[in-house]
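**Student:** Positions annotated as domain 'NADH:quinone oxidoreductase/Mrp antiporter transmembrane' by TrEMBL: 23-287. Annotation comment: TrEMBL describes 289-342 as domain 'NADH dehydrogenase subunit 2 C-terminal'. The transmembrane segment annotation in TrEMBL covers 59-80, 92-115, 151-170, 177-195, 201-218, 230-253, 273-293.
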C-alpha cells in the first residue's frame, strides 16, 4: 500500500477514536465510530486475498449493523427524553439497545461469532490493531454509559468468559485462538464495568500489553498455526523460552502480570456480594488456561523433526524491530509486584 494512503488511513483511525473519546453527544460519538470503521476496512483488504476481502466484508456488515442499532437507539432516546447527551441515558430500553450494539462492536458473547472469522482472514499486524485499538472507542462509550441494568452486563460477561474459553479448545489456528482469548478477556471487563470502571480500564490496558506481546511473538516467528510453533526454537531460542510466560500471563497465572486484573476483579465481585459470579468466572478461566498451555507445549516441548507438511524456514536474522516486543514482554511478565501501587491509584 502507498505510504501516503496508509498514513491517511491510520490518521482516520486515530481521528475516529479521538472524536468518540471527546464527544458527549451521541451523533458525534456515532460519527467517530463510523470514521474508525471505514478507516480500517481498506487496511484489512490491502493484500487483495479472498480471505482478507471476506474478513473485511464481514467486519463492515457487522459494524454497520451495530452502528445502525446505536443510532436508532440514541434517536429513540432523544425522542422519548429530549436528551442527546451520553450521560443522560435514562430510558431502560434504549440503554439496553445501545449496550447490545456496543457489545456487538467489540465482540462480546453471544454477539461474538464474527470476531474469530474476521481475525482469521487478516495478517497479524492488522489483527493486532483490530484486537487492541478498535476496542478503545466502544469501551469509552460503555464506561460513559453506566447502564442501570447490571444483570445484562453480568450475563454478557459470564457468557463471554465461558464461550471465549470453550471456543478456543479445539482450534489450531493461532489467530482464532487469540480471538477467543480476546472474547474471554472482554468478558472479565464487562463483569466489573458496572462496579469499578477504573478496574475495567486497568484490565483493558493489561490486556493490550499482553496481546501486543503475543501478536508480535507470532509475527517474528511467522507462525499462523500450532504446528508452525514447533520450529520456533531454531529461529528465536530466547524468545521461545519467554513466550510460555507471556501465554501463561494471558491465562492469569501468578506471579505474572495477567494475574493482577483477575485477582482484583474477583475481589471486587466478592465485595459486591457476587461470590457465585466470581466463582463461575474463575472456573471458566481454567478453560482459557488449557489452550494457553497447549500453545506453550507446542512451542517449547515439541522439537523437530516432526510431521510438518511444510519445509523448514531459513534461519535468517529477523529484520523487524524487537524493542517494542522486549518492552511489552517485560511488562507482561514482571508487573505483578506493582499491584499495591496500582490499587492505591485506583482507590484515589
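Numbers run from 1 along the shown chain.
Note that Cβ sites are derived from N, Cα and C of the backbone, with glycine treated the same way.
TrEMBL entries are annotated by machine, without manual review.
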**Student:** Please work out which recorded stretch in 59-80, 151-170, 201-218, 230-253 has the most C-beta pairs separated by under 8 angstroms from the transmembrane segment (177-195)?
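**Tutor:** By the under-8 Å Cβ criterion, the transmembrane segment (177-195) pairs most with 151-170.
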**Student:** Can you name the far-off residues of the same chain, 6+ from the ends of the transmembrane segment (92-115), with a Cβ under 8 Å from a Cβ of it?
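**Tutor:** That would be 33, 58-59, 62-63, 65-67, 69-70, 72-74, 76-77, 80, 134-135, 138-139, 141-142, 145, 147-149, 152-153, 156-157, 159-160, 162-164, 179, 182-183, 186-187, 190.
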**Student:** Return yes if the transmembrane segment (273-293) and the transmembrane segment (201-218) have at least 3 CB pairs under 8 Å (sequence gap of 6 or more), otherwise no.
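**Tutor:** Judged by the Cβ rule, the two regions do not touch, with the required three close pairs absent.
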**Student:** Taking all residues of the domain 'NADH dehydrogenase subunit 2 C-terminal' (289-342) together, what is their mean pLDDT?
**Tutor:** 76
